[in-house]
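Novice: Before I ask anything, let me first share the structure, which is written out below as structure tokens.
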């Protein structure tokens, strides 16, 4: 497999496109079979019909989930080895006769992974536009392998501080690699997927995150009776197997046609399209429509840069007058998982032990919760193709508010019933979130940015996500750990307030972009439509004329 870098020629695609004078399909009522290859959107087309129309895209979309599996597996393994007795023995201390990880070190370990992911997301935003999506995945895989090696050998130092510090460094490096892989994966997905499948494919991200967590939880559960250091070393070492997945994907998948078009590599873009679509589709038609999407975004960018020639996008372009609103919506979408408690749920095994549950039941509870969340996210693949983003986000936020409120109130009481009520509430929370706000937030974050700034916006989005993950990972142990705030179930009040904030803000700023082509989304943001008016916009003016998109 050879990866080639060519000098960027941003004007080639534009000249070829302009010479053909291609226009977008101005009717949303045509049959999908009228133009073989055009990214036509038929809102009545079922998810199954759309999948049959784009079988290769669906398969490649599933192939990219290897990177997401790694992300989920890393979250489960590195996040829950701290609840294993051998790990507590080697890295912790004793309090009141019980092994315990000090709150400071627990917070640091949980925070540095997201901090590393922030750096990885930033690197991905820079590297993707330079070397392409595939090479960015390769680089991320190499970094992950280095991080796994450091974590695996972190128990070798003789003194406790040395072991804790080595594990800290390993988590930082691992976070950098995972951050780069997950950012590149989402950019890749958003660029190759047709409009009708955009929401469902983006829903695979939380689904396969949970699948990775489930595999990690099962691996940890198989070691729960072991009292040797191998109990946590085996789960840590097994991350190498998941790191190999993105390499296999890179060897099989073509490069993103969108990136190749931006680089002026016409033939490679056409070949990539052929590998992504069925043989009977019109490759030239697909290529020309992609060109219009790319050039439309570049043209709007040029208007905001004094008519200068197309230039490589920069991070600051995401905050230009025409892009700032879109960027803020994207950043908000990546923030919402923290508002309904994803970080607390990711460390639920340790949390319920602090509430009073024994270690064996806490691991069982973790696995059951992940399974329920996985099933909910799989159902959401269909839901998001029917209901849209806004209604799913708003309705589930409202239910989550009530669930967290109930858990907070239960924290004023004690006993076995309270312990199990807390655990069951958390399982319901991940199920409800998996049906709506969780997958919908990824769809919004992926589709709201312009094509030109997609890689940069994804980098900023995952940087923001990792930042908030780090903040919550560092702060939450101080809220519920016995040697700190000792809130136990009353931690639910924190997420009650945050869920209300999420619901209100989403209502005012998140638009409905279901079944909208990138050019339509560009146009609606240009017109300054309020978030509530996106769904009803048709592009038809009062005089009956249709606005060009």
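Here the Cβ of each residue, glycine as well, is placed from N, Cα and C on the backbone.
Just so you know, TrEMBL annotations are computer predictions that nobody has curated.
Pulled from TrEMBL, these are the listed features:
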type: COMPBIAS; residues: 297-314; note: compositional bias 'Basic and acidic residues'
type: DOMAIN; residues: 60-514; note: domain 'Major facilitator superfamily (MFS) profile'
type: REGION; residues: 297-316; note: region 'Disordered'
type: TRANSMEM; residues: 57-79; note: transmembrane segment
type: TRANSMEM; residues: 99-123; note: transmembrane segment
type: TRANSMEM; residues: 135-156; note: transmembrane segment
type: TRANSMEM; residues: 168-189; note: transmembrane segment
type: TRANSMEM; residues: 201-221; note: transmembrane segment
type: TRANSMEM; residues: 241-261; note: transmembrane segment
type: TRANSMEM; residues: 331-351; note: transmembrane segment
type: TRANSMEM; residues: 363-385; note: transmembrane segment
type: TRANSMEM; residues: 392-413; note: transmembrane segment
type: TRANSMEM; residues: 419-438; note: transmembrane segment
type: TRANSMEM; residues: 459-480; note: transmembrane segment
type: TRANSMEM; residues: 492-510; note: transmembrane segment
Novice: Any residues 6+ beyond the ends of the transmembrane segment (459-480) with a Cβ under 8 Å from its own?
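Specialist: 103, 106-108, 110-118, 120-122, 124-126, 128, 175, 179, 182-183, 186, 315, 318, 327, 330-331, 333-335, 337-338, 343-344, 347, 351, 354-355, 445, 486-488, 491, 494.
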Novice: Select the range from 99-123, 392-413, 492-510 that forms the most Cβ-Cβ pairs under 8 Å with the transmembrane segment (363-385).
Specialist: 392-413
Novice: Against the transmembrane segment (99-123), which of these stretches has the most C-beta pairs under 8 Å: 135-156, 168-189, 241-261, 331-351, 492-510?
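Specialist: Out of the listed stretches, 168-189 contacts the transmembrane segment (99-123) most.
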Novice: Can you check how the pLDDT averages out over the domain 'Major facilitator superfamily (MFS) profile' (60-514)?
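Specialist: Mean pLDDT, the domain 'Major facilitator superfamily (MFS) profile' (60-514): 88.
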Novice: For the transmembrane segment (201-221) and the transmembrane segment (57-79), does the number of C-beta pairs under 8 Å, pairs 6 or more apart in sequence, reach 3 or more?
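Specialist: The answer is yes, given that the two segments have at least 3 Cβ pairs within the 8 Å cut-off.
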Novice: Run the contact check on the transmembrane segment (57-79) against the transmembrane segment (392-413): 3 or more C-beta pairs under 8 Å, excluding pairs closer than 6 in sequence.
Specialist: no
Novice: Between the transmembrane segment (168-189) and the stretches 135-156, 241-261, 392-413, 419-438, work out which stretch tops the count of Cβ pairs under 8 Å.
Specialist: 135-156
Novice: Of the stretches 241-261, 331-351, 392-413, 492-510, which racks up the most C-beta pairs under 8 Å with the transmembrane segment (419-438)?
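Specialist: Most Cβ pairs under 8 Å with the transmembrane segment (419-438) come from 392-413.
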Novice: Who are the chain neighbours of the transmembrane segment (492-510) in space, where the CB to CB distance is under 8 Å and they lie at least 6 residues beyond its ends?
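Specialist: Same-chain residues near the transmembrane segment (492-510) but 6 or more away: 328-329, 332-333, 336, 338-341, 344, 389-390, 393-394, 397-398, 400-401, 403-411, 425, 437, 444, 479, 531.
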